[in-house]
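K.L.:
Could you have a look at this structure, given as structure tokens, before my questions?
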Amino acid sequence: MKMGKVEMVLAMMVLFNMSSCSAWFGNKHKSGRSSILPSQPTSSSCPRLLNPAGSSVVIPLHGNVYPVGFYNVTLNIGQPPRPYFLDVDTGSDLTWLQCDAPCTHCSETPHPLYRPSNDFVPCKDPLCASLQPSDDYNCEHPDQCDYEINYADQYSTFGVLLNDVYLLNFTNRVQLKVRMALGCGYDQVFSPSSYHPLDGILGLGRGKTSLVSQLNNQGLVRNVIGHCLSSQGGGYIFFGNAYDSARVTWTPMSSVDPKHYSAGPAELVFGGRKTGVGSLTAVFDTGSSYSYFNSRAYQALLSWLKKDLTGKPLKAAPDDQTLPLCWHGRRPFKSIREVRRYFKPVALTFNNGGRVKAQFEIAPEAYLIISNLGNVCLGILNGSEIGLEELNLIGDISMQDKVMVFENEKNLIGWGPAECSRVPKSRDVSI
């Protein structure tokens, strides 16, 4: 090791730690809501301190599909920075915290409620406009961006958009205080079935308010996000070039659904055999623990599964309410390894417009769980029963032990096998 190089790196870290990037961001409005916060907008620019082509952010994940039911990250936000646990959601855009503004309805939080900054986003800012249901929205309070977000699991949040500081560590050993938009959620509604203690949501969708979009707008990273969910629990997410493209299979993002990370059309395959179910559109969404197929694909999957399990030592376990369909064996199971030989892999084959097809394989470990009762349960559910209609949603369970890459600049979705329990830390990140 050359000491001179170490000293230079340390000096660079001190220099960058004194910097605070800030950007001017947008807002969101909900009629009928009174103005709860004073307006003190500020605007400044962020110098291009990093080369976005080579810089990236890698953040460790905590949690699992079962029994925890979600993956979360710890982000340090505010001045001074304080830690918050945020659920990772690639199906929505806005990052927000439960907020003492004061809070009208807040659920239990792991940390004290976020105290909002005084840097508020005005109602007609482009970021605020991106959160509104229509382009001709009304501004009751021009100096304030009010928003309402509704999630598929009946969770909803009202809040105000503001700017605050995120403390981020880049893979080239630079730490920056980056000023970006943040939701102050002061009125939450949640269903008991989807409830768990959280400080907020980390929105990583394709919209303008998404954290990676804001980082890209400041010239800090490429507009690329990805994640690696470990079946053993934990893993990591990344913004920018933190993946090895040589090990990734690609398929184009669907132009039919520009708001989500979706791909298609795809064909359902079971055990290497075509099921006859095609023209499927799949949305990849970390906001869901489990995967959901539309009614046609789900019924086909059940038919093939039940036929394939005939004569095997598994019987239906209707008393186990962990998931809609569970099986028991002669004795309680302790791990998927004990039952995987009874199940075949499922796959979605995407037609990329030519002879080359991209296959997203869902191994038994990526669609089964072992319940607390020792039964094996199917982690692919009927989406039509919860209002997803024709949508097919690929949740956390089916993306485990894969690096997933969402290349927003090239409109591509990629995946490849990976050891997700090993969080990249070096400058030359390679998966």
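Note: Cβ is positioned from N, Cα and C throughout, glycine not excepted.
Annotations in TrEMBL come from automatic prediction, not curation.
Got these off TrEMBL a minute ago, pasting:
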- Asp89: active site (ACT_SITE)
- Asp285: active site (ACT_SITE)
- 71-416: domain 'Peptidase A1' (DOMAIN)
- 1-23: signal peptide (SIGNAL)
K.L.:
Could you tell me the C-alpha distance between Asp89 (active site) and Asp285 (active site) in angstrom, no decimals?
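P.N.:
About 7 Å separates the two Cα atoms.
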K.L.:
CB neighbours of Asp89 (active site) within 10 A?
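P.N.:
Asp89 (active site): 21 neighbouring Cβ atoms within 10 Å.
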K.L.:
Over the span of the domain 'Peptidase A1' (71-416), how high is the average pLDDT in this prediction?
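P.N.:
Per the prediction, mean pLDDT sits at 94 for the domain 'Peptidase A1' (71-416).
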K.L.:
Sequence gap of 6 or more, C-beta under 8 Å: which same-chain residues meet both conditions with respect to Asp285 (active site)?
P.N.:
Asp89, Thr90, Gly91, His260, Tyr261, Leu393, Ile394, Gly395
